[in-house]
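Got a structure here, written out as structure tokens. Questions coming.
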Amino acid sequence: MMSVARSFANVMFALTRPRHGRLAAGNASAHARGLRTPPPSAPVSWGLTFIVALFGALLRIVRLGEPRAVVFDETYYVKDAWTMLATGEPRDWPDSVVYDGASVSPNIPFAAGDVGGWLDSAEYVVHPPMGKWLIALGLRLCGGAQHVYAWRIATALAGVAAIVILIRLALRLWHNMPIALVAGYLMAIDGVGIVLSRTGLLDNFIMVFTLGAFMLLVMHRDWSRRRLVAAYEADPDAKPPQIACSWYRVGAAVLLGLATGVKWSGTYFFAVFCVISVLWDAWLYHQAGYRRWLLNAGLGSGLLAALYMVPLYALSYLATWIGWFIHPDSYMHDWALSHPGQGVAWLPPTLRSFVEYHRQMWQFHTTLDAPHDYKANPLTWPLQIRPTSFYWEKPSGHPGLCSLAPKSECVAAVTSLGNPIIWWLGSLCALVAIGIAIRKRGDWRIWAVLAGFLAGWLPWAQYLHRTTFTFYSIVLLPWIILAICYVLDWIRETCTPAPWHAALGCVLAVTTLISVFFYPIWTAMPVPYEFWLSHMWLDSWI
């Protein structure tokens, strides 16, 4: 990994060029108003993007079937996905089964390839079905639940897709290929990103859907900017063109509906992203020189966008529940028939059952306060204070790296701990970025940095009593990295090449070394106990 990082740094140093001079005279006024047009996508930029994505794919897919065990909440999501693939809906599983003459958890034979032990009764699930359908797709394409790697291939591919999207997003924001590649590289080597890509859980899907939606909204902003500048330069006194409707916003609404179809926390992203997008519209009207820019954005762009984005978002979410609607033996499908006059009485029976099911899901999510060893206060997520232990076992013998210490106890672990330097530096850079933006005034990109924090972290402050886990912070990871990129871009613009290269090199070198060190405990490699313990820098990490 170090040699890859060194080569990567050399490529980026070669690509780096300090900015000098101004745009051509014809574009000077637009540049002064901050209306830069992103450079066209060149084959070389896509080539570099896919090289970084391929590197991230190797970290996620090699040994994807290890550990050969049901890891953490895979006991819910993978088994739900398998029964959905087989019967159309999630099915209950027995509490215990007889396997090799002993009463054991059904997870043990399931991991061994005996995957047919579900019950006929529908299971009560507390998350929408979209993420489990994606896991089911991976199961279908890779030969079924008998193959452990098939449980996780969908989340692995989602993690790789996120690397590609983040690189292209950073390129649009900063128009600088080295910074964009840094963004993708940090995404590729981070521990939370790697662990969630190598485990059959849901949160990686929310992250990639919301990141993709945000990318589309930034593309909408670029399209709107070009449209407004061209119209104003043609006739400053004419009515401003409409920028509320675009296919980019259509796509964003659909992706955010699908994100909510994975977990309801996607709702926060829809609300925050829509507000930020409308604020960007307002600022573009203002930058282009139009009067009544706030009114144009609020009543024109905002209201018109809401008229089609909200229905699209809702329909996309409902589409993820098609299986529930078409299978009469789905959980609570016939609740209305057995509870006449209860619930929302004016709705048709099936919709009344659907709403009641959602009410029960809401009650579960807002009242869950059961004790758990790895419960983590949401306010601590960006600092990775209490990571989640997904897996910890003591393999027999001394396989793998354990052979280097034959007298030591051998352990294998999967700890959902982010690269500490990436998360700690990113949290600091988020604060520094706010200060830089205040000083620069009018830099719209600060909202691109803060969007993920506002949508993926701040809303959890109202649920401090809830049982939550640090791995939920995977949705923050792209924005943690964008905060680092924001500060790196500021260094590039304000300093000579030497400090810029030094900052870039330090970030790459230190984060790479840390990821090399932690990779074994992200991927269940058998290691000596003392080696595992050396990673527990904080007592709360154990």
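Just so you know, glycine gets a Cβ as well, placed from its N, Cα and C.
Quantities reported herein were computed from a predicted structural model and do not represent experimental measurements.
Pulled from TrEMBL, these are the listed features:
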TRANSMEM  44-62  transmembrane segment
DOMAIN    126-284  domain 'ArnT-like N-terminal'
TRANSMEM  149-171  transmembrane segment
TRANSMEM  177-196  transmembrane segment
TRANSMEM  201-219  transmembrane segment
TRANSMEM  266-285  transmembrane segment
TRANSMEM  297-326  transmembrane segment
DOMAIN    351-541  domain 'Protein O-mannosyl-transferase C-terminal four TM'
TRANSMEM  421-438  transmembrane segment
TRANSMEM  445-463  transmembrane segment
TRANSMEM  469-488  transmembrane segment
TRANSMEM  500-522  transmembrane segment
As a test: from 421-438, 445-463, 469-488, pick the stretch that has the greatest number of Cβ pairs under 8 Å with the transmembrane segment (201-219).
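Counting Cβ pairs under 8 Å, the winner is 469-488.
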Is the transmembrane segment (177-196) packed against any residues at least 6 beyond its ends, judged by a Cβ distance under 8 Å, and which are they?
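Distal contacts: 1, 5, 8, 11-13, 15-16, 45, 48-49, 52-53, 55-56, 59-60, 155, 159, 162-164, 166-171, 203-204, 207, 384, 390, 414-419, 422-423, 471, 473-474, 477-478, 481-482, 484-485, 488-489, 492, 504, 507-508, 511-512, 515, 518-519, 522-523.
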So which of 149-171, 266-285, 421-438, 445-463, 469-488 is most in touch with the transmembrane segment (44-62), counting Cβ pairs under 8 Å?
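It is 149-171 that shares the most Cβ pairs under 8 Å with the transmembrane segment (44-62).
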Averaged across the domain 'Protein O-mannosyl-transferase C-terminal four TM' (351-541), what pLDDT does the model get? Just tell me the whole number, please.
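The predicted confidence over the domain 'Protein O-mannosyl-transferase C-terminal four TM' (351-541), as a mean pLDDT, is 95.
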Six or more residues out from either end of the transmembrane segment (469-488), which same-chain residues have a Cβ under 8 Å from its Cβ atoms?
162, 166, 169-170, 173-174, 179-180, 182-183, 186-187, 190, 192-193, 195-196, 201, 203-204, 206-207, 210-211, 265, 269, 372, 374-376, 378, 380-382, 384-388, 390, 416, 418, 422-423, 425-427, 429-430, 432-433, 436, 445-446, 448-453, 455-457, 460, 500, 503-504, 507
Is the transmembrane segment (421-438) close to the transmembrane segment (266-285), in the sense of at least 3 CB pairs under 8 angstroms with a sequence gap of 6 or more?
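No, these stretches are not in contact.
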Among 297-326, 421-438, 445-463, which stretch has the most Cβ pairs under 8 Å to the transmembrane segment (500-522)?
421-438
